[in-house]
Amino acid sequence: MKSLYDICAPAKLNLFLHITGRRSDGYHLLQSVFMLIDWCDTLHFDLRVDGQISREDLATPLPFDDLVVRAARALKAASGSPLGVHVGIEKCIPAQAGMGGGSSDAASTLLALNHLWRLNFSLEKLISIGLQLGADVPFFLGGHNAWVEGIGEKMDPVVLPSGRFLVVKPVEGLETRLIFSDPALKRDSETAIISGFAANAFGFGRNDLQSVAQRLCPGVTQALEWLASRGLSGRMTGSGSAVFAQTLQDVDLRGAPSGFQVRLCKSLDVHPLVGWAVSDRLSVGSA
């Protein structure tokens with residue numbers, strides 16, 4: 001195998017996001033449900049036998065903070081593989097949107113290179129590498145919609161009803177760090193239970209980060225008001241700045257504020273690459 005083309009990296013929406021506390025080390029405790037949607041980046045991988053890692057759209061030296069580059073380097077370091085890769089990306093998921101685009105790209109890179117380099121790493125091994133890259137990377141590696149708790153490390157798969165969602169990304173983005181460090185952030189939400197969520201999956205709870213985001217980024221409020229003008233009740237995903245609303249019928253996408261990205265998306269039951277890495281637990285159970 002010398003190449004892998006058209007590898008999908010889907011975005012996610014946070015159906016709700018509650019902050020339930022803050023640890024002594026500064027990390028926030030949260031509850032959320034992460035749902036995959038069909039707004040995707042597309043990645044292409046060409047094998048390099050010289051051991052080098054390169055990106056079609058980036059000159060050398062490669063930026064240290066690029067998640068795709070970091071994922072490839074982390075997998076190479078963990079495996080000791082002498083092989084390299086040339087990566088191309090068709091970037092569609094907006095940055096600083098709360099949709100997990102960078103983390104999803106990193107996860108798809110780990111899964112693809114596990115095949116291209118013939119490493120046969122287990123899913124658990126890839127997740128341990130993904131944890132070094134970002135809190136959302138393990139979710140995308142897991143391949144299923146999930147109930148998420150703790151600082152984001154506790155995940156349980158959930159089955160969600162299918163849905164269509166109008167997603168709106170303002171021109172401005174938001175830095176996660178600024179949202180979580182804001183003194184006005186609500187950090188004392190009561191602990192939710194999954195049965196309460198299941199009774200109203202697409203309307204449960206709220207996003208505790210939203211009020212802070214609206215103050216820092218007026219575009220969030222503009223996007224929510226535009227959804228409301230279409231008769232839709234919206235909320236922010238993640239730390240923003242994208243917002244979304246479930247829609248049961250076709251919506252006129254015209255008239256959005258200038259420069260805003262608007263897309264009608266469908267939920268995904270599973271990640272397009274689910275099964276690309278085998279779980280250790282599955283291997284033991286089927287032996």
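Here, residue 1 is simply the first one shown, and the rest follow in order.
Cβ from N, Cα, C; glycine included.
Not measured: the values here are computed from a predicted model.
Sequence-distant neighbours of Lys12 (active site): residues of the same chain at least 6 apart with a C-beta under 8 Å from its C-beta are Phe34, Met35, Leu36, Ile37, Met99, Gly100, Ser104, Asp136, Phe139, Phe140, Thr237, Gly238. Swiss-Prot lists Lys12 (among others) with the feature active site.
Feature annotation from Swiss-Prot assigns ATP binding site to Pro94, Ala95, Gln96, Ala97, Gly98, Met99, Gly100, Gly101, Gly102, Ser103, Ser104; the stated evidence is sequence analysis. For the recorded site, Gly98 (ATP binding site), the DSSP three-state label reads coil.
According to Swiss-Prot, the feature active site maps to Asp136 (among others), an assignment based on sequence analysis. Asp136 (active site) has a Cβ environment of 22 other Cβ atoms inside 10 Å.
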Number of Cβ atoms other than its own within 10 Å, given for Gln96 (ATP binding site): 20
Cβ-Cβ distance under 8 Å to Gly102 (ATP binding site), same chain, at least six residues away: Leu67, Ala95, Gly134
Nonlocal residues around Gly98 (ATP binding site), in sequence order (Cβ under 8 Å, 6 or more apart): Asn14, Leu174, Met236, Thr237, Gly238, Ser239, Gly240, Ser241, Ala242
Additional residues surrounding ATP, by Cβ distance to the Pro94, Ala95, Gln96, Ala97, Gly98, Met99, Gly100, Gly101, Gly102, Ser103, Ser104 centre under 8 Å: Ala11, Ile93, Gly238
